[in-house]
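Asker: Quick paste of what Swiss-Prot says about this protein:
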COMPBIAS  202-214  compositional bias 'Basic and acidic residues'
COMPBIAS  1389-1427  compositional bias 'Basic and acidic residues'
DOMAIN    32-73  domain 'JmjN'
MOD_RES   LYS832  N6-acetyllysine
MOD_RES   SER986  phosphoserine
MOD_RES   SER1328  phosphoserine
MOD_RES   SER1456  phosphoserine
ZN_FING   309-359  zinc finger
ZN_FING   692-744  zinc finger
ZN_FING   1176-1224  zinc finger
ZN_FING   1484-1538  zinc finger
Amino acid sequence: MEPATTLPPGPRPALPLGGPGPLGEFLPPPECPVFEPSWEEFADPFAFIHKIRPIAEQTGICKVRPPPDWQPPFACDVDKLHFTPRIQRLNELEAQTRVKLNFLDQIAKYWELQGSTLKIPHVERKILDLFQLNKLVAEEGGFAVVCKDRKWTKIATKMGFAPGKAVGSHIRGHYERILNPYNLFLSGDSLRCLQKPNLTSDTKDKEYKPHDIPQRQSVQPAETCPPARRAKRMRAEAMNIKIEPEEATEARTHNLRRRMGCTTPKWENEKEMKSTIKQEPTEKKDCELESEKEKPKSRAKKTATAVDLYVCLLCGSGNDEDRLLLCDGCDDSYHTFCLVPPLHDVPKGDWRCPKCLAQECNKPQEAFGFEQAARDYTLRTFGEMADAFKSDYFNMPVHMVPTELVEKEFWRLVSTIEEDVTVEYGADIASKEFGSGFPVRDGKIKISPEEEEYLDSGWNLNNMPVMEQSVLAHITADICGMKLPWLYVGMCFSSFCWHIEDHWSYSINYLHWGEPKTWYGVPGYAAEQLENVMKKLAPELFVSQPDLLHQLVTIMNPNTLMTHEVPVYRTNQCAGEFVITFPRAYHSGFNQGFNFAEAVNFCTVDWLPLGRQCVEHYRLLHRYCVFSHDEMICKMASKADVLDVVVASTVQKDMAIMIEDEKALRETVRKLGVIDSERMDFELLPDDERQCIKCKTTCFMSAISCSCKPGLLVCLHHVKELCSCPPYKYNLRYRYTLDDLYPMMNALKLRAESYNEWALNVNEALEAKINKKKSLVSFKALIEESEMKKFPDNDLLRHLRLVTQDAEKCASVAQQLLNGKRQTRYRSGGGKSQNQLTVNELRQFVTQLYALPCVLSQTPLLKDLLNRVEDFQQQSQKLLSEEMPSAAELQELLDVSFEFDVELPQLTEMRIRLEQARWLEEVQQACLDSSSLSLDDMRRLIDLGVGLAPYSAVEKAMARLQELLTVSEHWDDKAKSLLRARPRHSLSSLATAVKEMEEIPAYLPNGTVLKDSVQRARDWVQDVDALQAGGRVPVLETLIELVARGRSIPVHLNSLPRLEMLVAEVHAWKECAAKTFLPENSTYSLLEVLCPRCDIGLLGLKRKQRKLKEPLPSGKKRSTKLESLSDLERALMESKETAAAMATLGEARLREMEALQSLRFANEEKLLSPVQDLEMKVCLCQKTPATPMIQCELCRDAFHTSCVAAPSISQSSRIWLCPHCRRSEKPPLEKILPLLASLQRIRVRLPEGDALRYMIERTVNWQHRAQQLLSSGNLKLVQDQVGSGLLSSRWPASAGQASATDKVSQPPGTTSFSLPDDWDNRTSYLHSPFSTGQSCLPLHGLSPEVNELLMEAQLLQVSLPEIQELYQTLLTKPSSVQQADRSSPVRSSSEKNDCLRGKRDAINSPERKLKRRPEREGLPSERWDRVKHMRTPQKKKIKLSHPKDMDSFKLERERSYDLVRNAETHSLPSDTSYSEQEDSEDEDAICPAVSCLQPEGDEVDWVQCDGSCNQWFHQVCVGVSPEMAEKEDYICVRCTGKDAPSRK
């Protein structure tokens, strides 16, 4: 249940209204509370009223709307209900209007008795307000003072007339003519010259009844006034009132009020009535309405005797008979000029002398009251009349008239004297006689079963007064209006005046149906204030009627009351709604139209103190009581055992007061001397027979009587008012003795004792101070006690429950606040959680906890929480006041706030400031480490900053960051364009740009790349400069790395094109070298061919495993160095000097020679073994031997002719090498020397170049050794051994098989030189069942030197003539050898041997060679330049036709030696000089072949030994053709046999 209008408790001050609104409009007061109870609340009306009483008492009235489904049937018989309504003249209801009308009645009566007609004048087209004029003149001091002080203009202004129009003089004339005589009469000036009049004489004039005059004035309206608001009374003539308009206007005869059927007032004398009714003149030319057209009474024409009888009572003279007036009341005579004031003319009507006038006017007026209508109505006929009146009055259907319009019109009508509206009101119709509108049991209207619930409903007004909770139920008498409902049938404007209920009881009114009823209410605390205001504003009414407000006949405008600070509230009661008035609350109102209402009184337990107070108030006003309050209390006390404990407790308290008052009064009476007393059952007497004759109080407890006045009683308060007898003659009548009363009170006390104790405990708990408050558990215990002892569900218990429930809710909320944690730091959506309290609410909640009647354990904890929250607010406010707070401090405060489940308004700003602080700190940190401040970081920070709330520091940082980003993007884009520029920018320009970019405190990706590029370029230039300045020949890998680096640097490098050209030349040289040495589709690389072999004896297994990076077979251990070609290549690349590279290659040669020698002897022994080994594996296929087979000259292994390409018969004289040993084309030396010269010209070191130099040196060395061998005599023994046939093959070939080989073409393994002609005619090889098809020189018959020399001859990848010469020498007859010896130059054997021996020792000595190679590295630069610019001599073909031309041959050989020596000694220091012996050796260098042919001429071709000696040989001397010298390696005989013994 919630009231539609809620008001704060306590007195509500009146609105500061200054009266009615503009133009006199009515301003409605504020609305009273409107309650809409739920079904649960509506079930108990008294409990609900108790619940709303604190609110509704403050307004005096309230409205209750039942639940929508609560619709009781209307139980009245509409056709049988009939009543006689009251007549209500609206302008007689309002107090101030009635005072004005009474004044006009007196003025009219005065002039009527003076024989004149009252004429109300018009001033400024307005009717002159005589009442206001008379009052203002009196306030200013009277007529004489106003005239003396000339205040008429001031009075005219106060009356609302415009100044400056001489209105004051007009008003003065009207006052002097109409009001001044009346005031002189009232002051007694007209009677001062007379003796005291005899007022006891009877008069024949009829007593004047003011309220019998229905019309005080007949108004001639102005032309501008609407006719609907101007009317004439039916009996205006009877009042003899004329209106004197200031301007002639047409008399309007339209009278709206005639339709009302107003009854004619009842006159006591019909004859007088007939003689006094005059007809209104209808002539328009006469502006005055004459009430008297008879001739004036004339005294002048009487007889002489009669004239002598009439003399002036004032002057005693009978003169001036024509001025002598005769009183129509007492027949006294007065001169017109002797009267005060004097009369200028003889009145035309009946005239009364001052004495009779005073006697007539001093008669007391009758009390005002309503008249009963002459007609009896039923509901139907009354409704027809009421609807017709409202419809005609407002000229529209009744249901379309707004309630506001009716309300304003009502208050206008009650305040005007110009219009009289009469309505009728069917009020106070007894429901006992005609039946209630609610259904009752045994009623005349049958009720359906579904409507039977309304029979026993507490809201049925027949049940409410007699319910158990109502104390009126203990009154046995049926009091109409209080215990029995009254019915009210209203029409438009019918009203009920200001009043309070009898005994200040409650009242409840239910509007069954019809149009609304408008109510006005004043709270009970302002009742006396209202009474005082009405007495102040209309004191004349209270002179004759002190209890005027109890008569329900007076109303006053609510605006007037509110102007005097009386609180007034209103409401419109619609059909089906209740209006409840509270004790001593004045209320009034009117009906909006035809309706039917029912009302009754009721009294609750809380009313009992007010009821006793009301009786005391009635005693002071001498107002009778409706029932005896003490009688009701005693009746309730006599039933103490069945009373409700709450009622018993309240009655016990009231009874205690009653006993104390009775005890004191009886003691006072005893002291007065009253002795006799007797018991009397007052309840058996009618109420009018036991009233105090003084104060009208109904006596019950006691009374005083006297034998002198039997039947009369006085209460103990008015003992002295009974009679004049002495008190000892009085008799005290009492109902109970004091001893009877105490047991009755004790019975109530016993009944209520347990409850009282409980209630006392409850009250103490509810009203306890802070330090004495009880716990919530104690409150729950009190509730449990009430339930256990079945105490009634009254206000106290409900209040206790409500307080306990509130405390429990508070405890629950407090616990939630104490336990509550914020679930997230930042909420969605934003805003406030619906369950969170603000800090102010928390503060109020803590205050509420301390204001609770009980103590909660959470209160101090919550107070501490509040203190912490307030501390948090202070700290946050302090922190937020700083220009730039720390993010850590903000976060710390926010972390603290997570403990508070409270809405903190600072959190939003703190989160905003935290984001700002974090952002600023991130910006600051990023700016401090400018090297990591990237463009993306700046953009991200700017994007984050854009999303932040506006703040000065943020905006400044944003501006700086945006400026930095703009500059950074500009320079980054510029750096990007510089990097992508074509052609590329120079290093200096880019360095300048980098220097400028370094001043930007940010990380620029392209700028960093540019800076890195500039640094790389500087490093590159530095490396290039260091390479050029070092004096060393650059290594190819270094050049390639420099070129690759230079190409990757986006900077224009001046040296890069030169290096690229140099690298290109090197690659071109390598391609040329590869074409020279490698056959097509060769599986060997150039480096493999040029370097000593590393895969000897493994049949390529090592190489394959090296390519697959797989481990060697088990049992094989990997060598630490030079194990493979990659090791050798790596060693060459790592060598910094040429001498180191030569040493590495020399070591590789020694390993090669040792491995190959071992392999040769192993294969030879395998093939020459006398026992045939079935497990012997030969050939590439590693299978057993099978004819025909061919033997490799170098590795000495046998190969199936089906597995390899065997040489044909025509090629059988040539040396055959297997696929493993045949590695290159073995070009002649003349084709290799240009490669070396071009390499020296290029001045770049590369592994292939080092290998080529070593190969040439090895070739020359081998040539030298071979020539020494050929020139020595040691070769003859070897020749004899080979020629004697000591060496034979194990598998000689048959003739047939040999011939079969003729069809085989020459394989690529055959050498280019030819053996002697008888080589293939030897028969020693043809008797074996197996034949190799190609025989080799035997190994066992050769010396190690020869064997090594032959072996190295095949290892050399150069074709040399010494190889052919050596083989020819070994395989030819001795005669051929001798012939060859003869054809050689003349040289002693000792000299040749010495020379050859010396050279052989120098070449073949590894220690000496390794010692000399580092010395050769220091070759001075001038020699390098000489070698570089030296043109390589063109190879000349050998001219065998000039064998004697030794000079040319020696010159060509010397040139070859110079090239080799220059390459070997380019690293020698500049101060190193050759010895004379070495110089002479270079100058006298000859072909070291044993059988040198000493060719002469410019076209002598040389070939260098590829072995370890590196000696140069004539191609023709060693049997190497130019093609072989170009495609194949050449190893001299000495190198072939030298290393064999050392590797065994």
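Positions of Cβ are set from backbone N, Cα and C atoms, glycine also.
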Asker: Might you list, by sequence position, any residue in that chain lying six or more from SER986 (phosphoserine) with a Cβ less than 8 Å away from its Cβ?
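Answerer: In sequence order, VAL1051, HIS1052 meet the Cβ cut-off.
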Asker: Please give the average pLDDT for the zinc finger (309-359) in this predicted model.
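Answerer: Within the zinc finger (309-359), the model's average pLDDT equals 76.
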Asker: Please report the DSSP secondary structure of SER986 (phosphoserine), reduced to three states.
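Answerer: The three-state answer is strand.
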Asker: Going by DSSP assignments with H, G and I as helix and E and B as strand, what are the residue counts for the domain 'JmjN' (32-73)?
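Answerer: Going by DSSP assignments, the domain 'JmjN' (32-73) contains 16 helix, 7 strand, 19 coil.
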Asker: Give me the DSSP three-state residue breakdown of the zinc finger (309-359), ordered helix, strand, coil.
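Answerer: Helix, strand, coil within the zinc finger (309-359): 10 helix, 7 strand, 34 coil.
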Asker: For the zinc finger (1176-1224), what does DSSP give as the number of helix, strand and coil residues?
Answerer: 0 helix, 9 strand, 40 coil
Asker: For the zinc finger (692-744), how many residues does DSSP put in helix, in strand and in coil?
Answerer: 16 helix, 12 strand, 25 coil
